[in-house]
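Student: Structure provided below as C-alpha cells; questions to follow.
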Amino acid sequence: MRRFSFHKGHGTRNDFIILDDSYGMHDMHPEFIRAVCDRHAGIGADGVIRVVRAGSIRDWTGDPHLWFMDYYNADGSVAEMCGNGLRVFARHLINEQLVDAGAFDVATRAGVKHVEVARHGLISTDIGRALVLPDDVTVTLEDRSWPVVKVDVGNPHAVVFLTDSDVLEDLDLHRAPRWSPAEAYPQGVNVEFVRVDAPDALTMRVHERGVGETLSCGTGVVAVAAAHRARGGHEGPVTVRVPGGELSVQFTGDEARLTGPAVVIGRGEFWI
Ligand SMILES: N[C@@H](CCC[C@H](N)C(=O)O)C(=O)O
C-alpha cells in the first residue's frame, strides 16, 4: 500500500485533487487518477493537478524553475489547460508560500500564464488567445442538433448557442453530446450550451471531455465569451453564470483574462 498527501480545492465547484511533487517523483498513471477521482471509492474530483517544477516535464523548453500545472481529467486523460484549475493551483501556491508575490507566472501545457490576486481575493488569470475557428460542425444531444462555434482555448471547445425554444436547465447532460463530422475534434471536445441573458451576461452548462457534466469550466467560460463576442455580442467584460457560480471574462484584443474565486478546502492522506 502507498500513502500520499493531498489537498482538495475548487473553483466555482469544479473540483480538483492537488498533489505536491516538487521533485517530479509521482507516477501519474491513468488508473491511479481514476481511483482518486472516484466519488464513491476515492477522494472524488473532476480532475487531478500535480504541482511540479517545469524542468521535470518532458519537452518543456522554457524556464525550468516555474511551477507547472500538470493537469489530468477524472478519466485519467491529460488536458492542455484548465481555467478553474489554474486559479486553484495559484491559490495553493500562495497558501503554501511556494511563490512570494501576488502576481506570478505558471507553466502549463498551453504555455506560460500570468496570474494575479484580484479584488475581494478573487484570482485573475491570463488565459491567452481564444481562437474562434471557422468550421461546419454540428452537435447532437438526444434528438436535437445545433450548429457549433469552434473555439480553441489551448484545449478544444464546441459552443452551442441555444434557441428560444431550448431550455438550458432541461438538457440531459448525463450522456455525452455527439458531434459531426467526427474529424472536427479528433482528440475529443468540451461542449458548452449557452443562453444569452443580456449582451454582457451569459448562462452556460458544460459537458467536459474526460469527465462528464461539471458545475463549471473556466476555459469553457472563456470559449463561450469569445464565441459570443465573435457573433457581435459584446466587446466589454462579460459575466458567465455556471451551475457552480459566476466568472468574468475580459478581452484585450484576442487575449482573454478570466477572473473568479478559487479555494482550497482541506488536506488529507490517501492510501492506495
Ligand atoms: N475544467 C477545466 C477544463 C479541464 C480540461 C477539459 N476537461 C479538457 O479535457 O480539455 C476548466 O476549468 O477549464
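The backbone N, Cα and C atoms fix where each Cβ goes, and this holds for glycine too.
According to TrEMBL, the protein carries these features:
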ACT_SITE  CYS82  active site, proton donor
ACT_SITE  CYS217  active site, proton acceptor
BINDING   ASN14, ASN73, GLY83, ASN84, ASN155, ASN190, GLU208, ARG209, GLY218, THR219  substrate binding site
Student: Which state, by DSSP, holds GLY83 (substrate binding site): helix, strand or coil?
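Tutor: SS state of GLY83 (substrate binding site) = helix.
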Student: Between any two of ASN14, ASN73, GLY83, ASN84, ASN155, ASN190, GLU208, ARG209, GLY218, THR219, the residues recorded as binding substrate, what is the biggest Cα to Cα distance in Å?
Tutor: 16
Student: Radius 10 Å, atoms counted are CB only; among the binding-site residues ASN14, ASN155, which position scores highest?
Tutor: ASN14
Student: List the binding-site residues among ASN155, GLU208, GLY218 whose C-alpha is within 10 Å of the C-alpha of CYS82 (active site, proton donor), in sequence order, or say none.
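Tutor: ASN155, GLY218, listed in sequence order.
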Student: At the level of the C-alpha atoms, what whole-angstrom distance separates the residue listed as 'active site, proton acceptor' and ASN155 (substrate binding site)?
Tutor: 12
Student: Secondary structure at ASN14 (substrate binding site) (DSSP, helix/strand/coil)?
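Tutor: It is in a strand.
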Student: Taking only same-chain residues 6+ apart in sequence, whose CB is under 8 Å from that of GLU208 (substrate binding site), what do you get?
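Tutor: In sequence order, ASP46, ASN73, ASN190, THR214, CYS217, GLY220 meet the Cβ cut-off.
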Student: Whose Cβ lies within 8 Å of the mean position of the Cβ atoms of ASN14, ASN73, GLY83, ASN84, ASN155, ASN190, GLU208, ARG209, GLY218, THR219, the substrate site, other than those residues?
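Tutor: Not counting the recorded site residues, we get ALA79, MET81, CYS82, GLY85, VAL206, VAL211, THR214, CYS217, GLY220.
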Student: In this structure, which of the active-site residues CYS82, CYS217 has the fewest other Cβ atoms within 10 Å of its Cβ?
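Tutor: Each of the active-site residues CYS82, CYS217 was scored; lowest Cβ tally within 10 Å is CYS82.
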Student: Name the residues of the same chain, 6+ apart in sequence, whose Cβ is under 8 Å from the Cβ of GLY218 (substrate binding site)?
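Tutor: Set apart from GLY218 (substrate binding site) by at least 6 residues yet with Cβ under 8 Å, we have GLY11, THR12, ASN14, CYS82, GLY83, ASN84, GLY85, LEU86, ARG87, THR125, ILE127, LEU247, LEU258, GLY260.
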